[in-house]
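In what follows, a structure is listed as C-alpha cells, so that the remarks can point back to it.
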Amino acid sequence: MSVEPTTGPTVGPTLETVGWVGSAGEGVVRLIDQTRLPSEFLQIDCPDVETVWEAITMLRVRGAPAIGVAAAFGAVLGARRRGLASIETVRDALRASTARLRTSRPTAVNLFWALDRMDRVGEAEAALADSPAALLDRLLLEAKTIEQEDRAMCRAIGRHGAELIGQGQGVLTHCNAGGLATSDYGTALAVIFSAAEQGKSVHVYADETRPLLQGARLTAWELQRRNIPVTVICDSMAAQVMKEGRVQAVVVGADRIAANGDSANKIGTYGVALAARAHEIPFYVAAPSSTFDLALPDGSLIPIEERDPREVTHGFGRQTVPDGVDVYNPAFDVTPARLISGIITEKGVIAPVSTEGIRAMLLG
Ligand code: MRU
C-alpha cells in the first residue's frame, strides 16, 4: 500500500477535497489529508482501493458527503485492480471493492448511498458495455457525477439556509460541516458562507469538537481563509456562550437522518441541541438528500461508530488519561427531531421536522 504526498494550493476559496486525476485506467484519487491540517496542507494520491479505505478509516477524508465521494472514486480504483481481461473481471472486482469500502465507517449513510449507486451502475453497464475499458469509463463518470451533484447540493443548501441567518448574528457550529466535509462549500458552513456572501456579518462560534478537534482544526481553518470571524471554544463552553447572549442560531451537519428527522452527527451535537433548546435558540441541521436514510423509522436504529480509545487517552501525541482506565469513545450521537427547528436541504427547509414533512420535501 503506497500513498504519494503532493503539495497543493493553500489559498483560494474553492477546495478540491477529493477528486480524480488522470484516466480511468491509470488515474488516482487525490484528496486533502485532513489529519495534517491546520499546520500543513497536504494532498495525497491514493492509487488503490486499500489506500482509499485507509484514508476514510483514519479520517484523512471525513465528513459524510466527502466520504461518499471518496468511496465512489475508490470503487473505480477497485474495479480495475484485477486488470481488464473481461467485463466480468471488472464487474466482480467492483463488487469486491464496494463490499470492502462498506466496512470503512458505519454511521455516515452517504458512504452506502454512493456505493449503492456505483454497484447499480456496475451491474447495469456490465450488460451493456462493449468492452471492460468502457465499463470502467462509465464507473468513473458515475463517481464524477456524484462529486458534481454534491457540489450543486451544497450551494443550494447554502442559498436556502442563508435566509435563516440574520444580520450581525452569532452562529454556533459543531465539528466540521464545511468544504472539507463535502466536495466543496459544505452544508452547515455553506449556510454561513452564503449569508456572508449576501453581505451579512456573521460571527461563528466553533466548538473545538473533542476528541479529534475537527472544529478547532478544520472549521476554524475554513472560516479564517474566507475572512469570516470565528471564535473557537471548548465543547464544554457552549452553554455558557449561549447564556451570555452571543449565539442566535446553531447550524450543524449530519451523518445520517432517520425518516422522522432524528439526526446523527458528531458526538456532542445532542448536548448542543439541548443547550440551544434551554436558551430558546433555533437549532438547524443542514444536509443533502444523500444523508437521509428513510429506511430507518427513527434514530435509535442508526449505527454509531465506536473509535479507538487512544483518540481520547493519547489525543495528538500526549497521554492525558492514566494507563488502564476505561474509556468510551462513540464518534456520533443522535439529536431527536423534537430538538431540531429545521432541516436545511438542497430542496428547501423542512420545518417543523416530521416524517410527513421530510417525505414531502424529499419525495414530493
Ligand atoms: O468523524 P467525522 O469527522 O467524519 O464527523 C463528521 C461530522 O460529524 C460532520 O458534522 C458530518 O459528517 C456532516 S458533514 C457535511
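Heads up, the Cβ atoms here are built off N, Cα and C, so glycines get one too.
Within Gln148, Gln167, Gln214, Gln319, the residue that TrEMBL lists together with Arg62, Gly63, Ala64, Arg105, Asn265, Lys266 for binding substrate is Gln214. When the C-alpha distances from Asp255 (active site, proton donor) to the recorded positions Arg62, Gly63, Ala64, Cys175 are tabulated, the minimum falls on Ala64. Take the CB of Gln214 (substrate binding site) and look out to 10 A: across all protein chains shown you find 27 other CB atoms. A C-beta separation below 8 Å, combined with a sequence spacing of at least six in one chain, links Cys175 (site 'Transition state stabilizer') to Asp207, Thr209, Gln214, Gly215, Thr219, Val252, Gly253, Asn265, Lys266, Gly268, Thr269. The substrate site, placed at the center of the C-beta atoms of Arg62, Gly63, Ala64, Arg105, Gln214, Asn265, Lys266, has further neighbours from the same chain whose C-beta lies within 8 angstroms: Ile67, Ala108, Cys175, Asn176, Ala177, Ala181, Gly253, Asp255, Ala331, Phe332.
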